Amino acid sequence: MKRRDFLKKVIKAFFLTLTAFIFSASIYIYPSNIRKRRFHYIYLMDEDDLPKKGVRKIEFHYEREHRIVNSRVFVVAGNDKFTAFSPVCTHLGCLVNWDNNKKEFLCPCHGGKYNASGEVIAGPPPKPLTRLPLEIKDGKVYVGIKV
Amino acid sequence: MGKIFDWIDSHFGVKEPHKRFLQRTIPPNVNYSYCLGGIAFTYFLMLAFTGLLLSIYYVPSEKEAFKSIIAITNEVTLGWFIRSLHKWSANLFIVFIIFHAIRVFIHKAYKPPRELNWMAGVLGFVVAMASGFTGYLLPWDQKAYWATEVGTSMFGTVPLIGDYLIYAVRGGLDINGTTLIRFYSLHVLYLPISMVIILWAHFHMVKRQGIAKRL
Ligand code: FES
């Protein structure tokens with residue numbers, strides 16, 4: 001083998017090893033416990049506590065991977081119909097607040113605004129607020145979220 | 001002092017090879033705007049120094065991070081001072097990199113033969129911003145948390161590999177203790193080391209090519 005050919009081989013081997021190394025590194029940094037979020041119904045409150053009108057923020061918590069996660073939903077009362085909205089802004093995931101004077105949901109991060117039916121009225125959010133299914137059983141209200 | 005240095009140098013021999021660097025002639029018509037990069041570098045040194053000091057007390061864990069920040073600010077003697085120095089140097093570091101870039105831009109010093117040095121500079125700016133972003137999470141308070149929530153969500157918008165990126169950066173589905181450790185590691189190891197290499201290349205090219213004269 002000529003010296004030149006040998007060096008070419010060495011260089012090739014070096015880059016192959018490097019590629020293999022970068023590839024394994026990018027697998028290594030990926031968390032091993034990523035799983036799909038599963039759908040759960042979680043107890044929210046008793047039926048009697050449902051708001052008569054307007055928007056009510058309801059805090060609740062649940063357990064995931066041995067830690068308590070605090071969360072909240074907004075329950076909007078329509079004509080004997082209730083809608084639950086996730087508070088997570090559809091832009092980049094901040095939590096929105098309900099402004100009772102202006103009657104709109106306000107995102108503190110980049111000024112996204114939604115009306116009481118969850119539609120975007122201003123700012124960068126690309127989609128309306130996510131609706132969450134509500135279920136009423138034996139006088140108890142449950143909300144369906146992905147945990 | 002000089003004698004001690006001369007003795008060390010008689011064995012070590014750093015003076016001779018650096019003469020060209022330290023005693024070079026500077027073109028006429030330079031003014032104070034040529035100091036902007038140097039000022040930014042000074043802030044980098046300040047950041048490295050205060051960062052080393054902060055790392056003595058800071059605890060990068062989910063339970064302790066915020067507490068240790070409070071302790072640094074309220075209990076450690078001069079802790080508030082070192083922490084503020086770090087914070088303000090970080091802000092001014094970015095500001096002066098931008099001023100420096102504007103100066104280079106106005107003088108058209110990004111043109112060949114200095115185009116590679118402009119790229120090194122841009123890379124350094126990216127690393128500086130990344131350091132800012134990772135450092136922002138470390139106090140582990142509400143502002144830090146939500147800033148990181150928004151910042152990492154942006155990775156999710158990259159086509160195809162968005163999901164991989166967002167979970168690799170967060171170290172899980174959500175931001176938690178794993179994210180904190182990742183960011184800490186980036187902030188104190190990966191990014192500073194990259195920065196030192198980039199700055200070495202940056203200064204090396206300045207030395208080789210000289211500074212651009214005014215148009
Ligand atoms: S995250 Fe709500 S507007 Fe950007």
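Just so you know, the numbers here start at 1 and follow the chain as drawn.
Glycine is treated like the rest: Cβ placed from N, Cα and C.
For B:4-215, the entry in TrEMBL reads domain 'Cytochrome b/b6 N-terminal region profile'.
Among the features that TrEMBL reports, transmembrane segment is placed at B:31-58 (among others).
Remote same-chain residues near the transmembrane segment (B:88-106) are listed as 33-34, 36-37, 39-40, 43-44, 46-47, 50, 118, 121, 124-125, 128-129, 131-132, 135, 212 (criterion: CB distance under 8 Å, separation of at least six residues from the stretch ends). The transmembrane segment feature in TrEMBL is assigned to B:88-106 (among others).
The transmembrane segment annotation in TrEMBL covers B:118-138 (among others).
Marked as transmembrane segment by TrEMBL: B:150-169 (among others). Within the chain, the transmembrane segment (B:150-169) has long-range Cβ neighbours (under 8 A, six or more residues past its boundaries) at 133, 175, 179, 182.
Residues or ranges marked as transmembrane segment by TrEMBL: B:181-203 (among others).
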Model confidence over the domain 'Cytochrome b/b6 N-terminal region profile' (B:4-215), averaged pLDDT: 91
Sequence-remote partners of the transmembrane segment (B:118-138) [C-beta within less than 8 Å, at least six residues beyond its ends]: 58, 60, 65, 69, 90, 93-94, 97, 100-101, 104, 109-110, 144-145, 147-148, 151, 179-180, 183-184, 186-187, 191-192, 194-195, 198-199, 201-202, 205
Same-chain residues near the transmembrane segment (B:181-203), Cβ under 8 Å, at least 6 residues beyond its ends: 41, 44, 48, 51, 55, 60-61, 117, 120-121, 123-124, 127-128, 130-131, 134-135, 137-138, 148, 169-171
